[in-house]
Structure formats: structure tokens, C-alpha cells
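Enquirer: Input: one structure, supplied below.
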Amino acid sequence: MHICSLIPILFPKLLTCGLALYSAVVLWLKVSVIGSFIQGTVLLTLVPLILYAYFSTIAVGPGSPLDFEELRIRDLNDVETGMEFPPDFLAAKTVTLDSTGRHRYCVKCKVWKPDRCHHCSACDKCYLRRDHHCVWFPGCIGYNNHKFFLHFLLYASVYAFWICIITTWDLVVWFRAHSYERELLNVHLVCLWALSAAATVALTAFCAFNIYLVCKNETTGEYQRRSTLNSDLEMYADCTNGPRTVIENPFDLGSRRRNWAAVMGDTWKEWLLPIRTTASQKARHSFDESGLYFKIDEQAHAKLAESMALQARLITRFNSKRAVQ
């Protein structure tokens, strides 16, 4: 039973390493249409980057509110009765509340949930800015490892496309030279061509979709729950008696460049290499750039701030009435 439980964990890692190394060996030994210097440069650049980004995604992890002692709930009963509250630094900058207007918390993890934090049923744990659960790694993609995950997709897409082009070129040359009259077609080359063609289509499409989401500063989960976010904004508008403004994503910073930088960093070096962003390194001794709170659309922020102030006054009045009674 113990061995069976390790299969979902070890199989994706072994398969990823196996495919990367197998493709590199076949390209080096069987493809002859391109010089060894170029071939070696590409292989020695992309394969290590792919494996490094892959294992960095796993090692770094998505990040969890459980990593912060300040977010742990002491008594769930006190939370439910309104006797225990989230820390001030979190409450002051949180914009997404539950349907009752209270700060979100997780009963299973016994922790206060920051904006964009969600509980994964597969991992049975809350993760910061959770994007999705990916069996390929295996685990969740979240705030801390999202950048490494996207780097893996970018490197793997380029590598698959390179293999597809080179193997196609080699096969075309082989057929045009009528080599089939003298020798059999190499089965490893054909298999690699088929795998690379399929991987190019799948990885490029998935990579493009994730880049699209990053440029909108939106996670996969938020993309699916967009209607819920709009409902929250409508609720805030109702509380303030203001006009209803529909904003597709309140975390959209207004430009693709700013949204991209929020995840991938500000410089070309950060965009191209699987390294931590400069902003996260500078703020490593504070709660900034830790996935606990985020910049949001200014219009949405103003409206949400008004609604939160109103909700605070209403809660105070409600508690005062209860105390009198």
C-alpha cells in the first residue's frame, strides 16, 4: 500500500526526466542534419533549464497561509461567534470576503485565508494565490512557484518545437535521399517526432493560455469563478448604494505589462531565467510580496474600501445591540 501511494508522486518526476534525457540522446545520436555545436548548445541549454524549472516548481511549492504563525486560528468557536479576528495587517488589506461580509477562513486548516487563497481538496491544504492542482508535478501551483511553473512551460514548449522541426527536417532529408532503399527508418527518430509534434501542440496551447492569464493577473481558478467575483462587487455596490460596476478581475492592474511583472518580475533577466523576482527578495523579511495581499484595480479598491467601512460599522452596531440585549 505504501508503494502504491508513492506512484503518483514518483511517476511524473521519473517520466519528465526520462523524456528529457531520452529526447536529448536520440537528437544527439540520430539527427544529422544540423551541426553538433548547435545541437549541443541547444541541448545543454534547454534540457537543464527544463529540469531545473520543473524541480524548482516542486521544491519551492505554492506557499500556504499555514507557513505564517500569525494566520493560524486559535479557536474556531471564537471565530464563528465573532470573538477572534484576523491580524490587523491582513484585515486592513483584504478585499474579498465571504457571503456574510466577514473575513474568510478555512475550517480544515484552521487558518485565516488571504485574498486569492483557496483550499485544495486533493492536497487537503490551503495555498496562497492558488492557480490549480497539477498531477504532472505533482501538487498545486500557487504564489511561490507560479513563476517557475510558467518557465517550465516556456522552456518545454520551445524544446518540443525545436525537436519537431529538427526531426521533421531529418526525416524529409532521409526520404528525399531515397535512404529507405538501403536502410530501415529509425524507430526512435519516428517516435521522437510523433511525441514532439503532440507535445508542441499541447504545451504551446497550455503555455499560451497561462501567459494570457498572467497578463490579466488572473489565476485559473479565478478565471472559472469570475461570475462569483462580479457577484461580490455587486454586493459591495448594494452596501454603498452606488452604481453597479462590473469588473471582470479586480486584481487586474490595468496593463498587461504591470500584470506580467506582478508574477514574472520587472527585468528581462527575471523573465528569461527561473529565479526569484527582485521584489520578493527585497521583501523577504516582511509580509510584502508574500502572497498575503495584492494590489488591485483602483476603482474596485475604492468601492471595496467603502463597503468594508460600512460593513465594519454595521457589525459594530449589531454587536452593540446584542450586548444591550
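Each residue, glycine too, has its Cβ placed from N, Cα and C.
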Enquirer: Please verify against Swiss-Prot: do L6 and G101 share a side of the membrane?
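Expert: In Swiss-Prot, L6 shares its side of the membrane with G101.
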Enquirer: Please count the residues of the topological domain 'Lumenal' (169-188) that DSSP assigns to helix (H, G, I), strand (E, B) and coil.
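Expert: DSSP composition of the topological domain 'Lumenal' (169-188): 13 helix, 0 strand, 7 coil.
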Enquirer: I'm a bit unsure how to read this: which one of 9-29, 31-51, 148-168 has the highest number of Cβ pairs shorter than 8 Å with the transmembrane segment (189-209)?
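Expert: Selected stretch: 148-168, with the most Cβ pairs under 8 Å.
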Enquirer: Do any residues of this chain, six or more beyond the ends of the transmembrane segment (148-168), have a C-beta under 8 angstroms from a C-beta of it, and if so which?
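Expert: Those are 23, 27, 31, 33-34, 39, 42, 46-47, 49-50, 53-54, 56-57, 60, 131, 134, 137, 141, 189, 192-193, 196-197, 199-200, 203-204, 206-207, 210-211, 214, 263-264, 273-274, in sequence order.
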